[in-house]
């Protein structure tokens, strides 16, 4: 479970452990890792902080249920960038070991485990939310609300703390190694701890990534199946076709309504036609394909774009890291330093990509951001809409 960010420390420590034993004075250096994490920290704070300001500035965005997940995501990213990334930059400036003390290591591991797991789980919740909105739009609109999203996020953070908290407590009070000598890392020397760590890695880290990666293929497969069902249903309902004329509603001559009986009257005929039209409309509205298609007409593009961009970003940034540490837990003695370093660098980029991809995918968020920037450039301080 230490795969999320402890690798920053492990990379630096493993590369220079031999030199650390030969010198008594440790001098800070600006390595490639420290410079990269510093750049990610600065750019990520600008992107996530600015996006959070947009939500603070726009009351309408704060009242949208889906944006509850985004605000939680950007807040977690910002907290990680403010607390964890500066520590990673500072430690990577030294040749070996952890020189910030044991309390700082505890805070670092807490942010690494809790915030890291929270961000990945939020990605999974967002992917599941978009999948739900696309595949079952009627139930989504009926059930999903601001209270529902807030409650779900609250339970998510509680779940992460209950899952990761006991392991962090046991490590901090019973199995913590000498951080100045071994670095700030979780202890896996005990067999039970190692098994516990692998289990948490699969449940808390790898499972959310799998949810994100599978959501878009599942949606596309369902879209193909529903398109085929819609084609078949449309051909079957073709005999009930109705036209609306400016002079009134007229039934096609091919349709024979058995309810129309003699004596014939225009008023009675039109009444029967309207009733028949209502029956056909209700039948089509209840259809899971046609009814849902009407409900989401014009809204699919944004939902698909969010799901596609999120899937790509997680596949590029998070999946290599999760795959590597899954192999470490399964294969004894497996370790590849170059792949580890690449996975660490890619994983850190996720905090920068998150606000960028959602600003690109959500038109209302993008317009609100541009409006806020324009307002700030013209009139100075921002005023919060309440």
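Cβ atoms are placed via backbone N, Cα and C, with glycine included.
Per TrEMBL, the features are as follows:
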type	residues	note
DOMAIN	47-358	domain 'G-protein coupled receptors family 1 profile'
TRANSMEM	35-56	transmembrane segment
TRANSMEM	68-87	transmembrane segment
TRANSMEM	107-128	transmembrane segment
TRANSMEM	148-169	transmembrane segment
TRANSMEM	202-225	transmembrane segment
TRANSMEM	304-327	transmembrane segment
TRANSMEM	339-362	transmembrane segment
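Per-residue pLDDT, averaged across the domain 'G-protein coupled receptors family 1 profile' (47-358), gives 80.
Most Cβ pairs under 8 Å to the transmembrane segment (148-169), among the stretches 68-87, 107-128, 202-225, 304-327, 339-362, belong to 107-128.
Long-range contacts of the transmembrane segment (202-225) within the same chain: residues 1, 3-4, 116-117, 120-121, 123-124, 127-128, 130-131, 134-135, 160, 163-164, 304, 307-308, 310-311, 314-315, 318-319, 322, 325-326, each at least 6 residues beyond the stretch ends and with a Cβ under 8 Å from a Cβ of the stretch. When each of 68-87, 107-128, 304-327, 339-362 is checked for Cβ pairs under 8 Å to the transmembrane segment (35-56), 68-87 comes out on top.
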